[in-house]
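Q: My questions will all concern the structure given below.
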Amino acid sequence: MEPDEPGTSGVAIEIMPLAFPKGKEKYCELCQREAYLECTKCQVTFYCNADHQQADWVGIHERICQMLVPIRTMKDIYDPAIRKKNQLRKAHLIKICKLVAQSKLSEGKHEEALPAAHCCLQTSIDLYGPNTIQLVPAYILLAEANMGLGNLSVVAELLSQAEWAVLKNPELGASIQQQLHRSLAHFHTSAGNLETALFHFANDIYFACEEYGLDSSATTKGYFLIADVFARQGRMLVVHSLYCEVAERWHKHLSSLLEAHQKHADSSVSFYEKSQRIEMEEMLRVMLEFEQKQSRRDSNHIALIAHNLAMLWFVNGDLHKARDFGRTALQASLQIPRHKLTEPIQELLQRVESLQTEPRPGSA
């Protein structure tokens, strides 16, 4: 489920820091400095200035404002039943913050992702305690948000804390290790440590295969990301080989989705959440642009990638883009006699055309 779009404002009133007794001081939700503003809607969230209040409102607070009231007003109540219910509320809050942060990161909104990632980490610490393995996903989210903003010193500190938690739990499952190695690889790529980045991406792929299988989307994205490092090293033959592998895997997956789509009564149903579609489209678009810029174009590979994009947009209901990428795929496939994709591409284009010419309900 995709998060709703946030509003653009919240309401806050000024507070006097000296009015609070010792031990009851109020601190900014985002930076932990002394607070001068209070959210009037929940009255349990505070900020050092209007910029931080606005950033938090847009980033996450509008969605969780009222959820915070019982969590923060009942934290000192020791009744077991109430405490248990509050723990469940915190776990739910963590899930929401994680979803929102991931969605914003997938859209490249790194600054907007910061408040959600920060709330995810602080609530995780509150629920599980400091230096626990459950904090690792939150550390990674916050690191990814800061990485997109170029705050590499902050990223290094966050990932070192995540690494320390993992080292203390050697029995940890492959999923968390895969996520950590991917973030470490991103960090070292940004820092220019390409060989170290390759090491972590290799581990990312290894743990993704162990956890999700060889043909999983997590493993496939690992191949795509490691190709970017090889591109930075100028090793274009390796990049081409990896992109071929990624394109073949996506083609198998999308062909299955297209077949399922044929059996579905409503052709407008989206088979991906927005964040998933954005991520997949970005990978395929980068690969297509890479191939189209080569001095010696690989028509077979261009046809494969463009067909992927056509199928992706078709199953997500964008017939215009499906038609455009389908035409690109067909043009490339026709460069090769008896190409195996020519017929499937033509069939897809025919389906797009038939849907575009169908009369809409009520248009008669």
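Positions of Cβ are set from backbone N, Cα and C atoms, glycine also.
As listed in TrEMBL for this protein:
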| type | residues | note |
| --- | --- | --- |
| DOMAIN | 28-65 | domain 'MYND-type' |
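Would you situate these features in the structure and describe their surroundings?
A: For the domain 'MYND-type' (28-65), the model's average pLDDT works out to 96.
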Q: For a three-state summary based on DSSP, what are the helix, strand and coil counts in the domain 'MYND-type' (28-65)?
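A: Summed by class, the stretch gives 15 helix, 6 strand, 17 coil.
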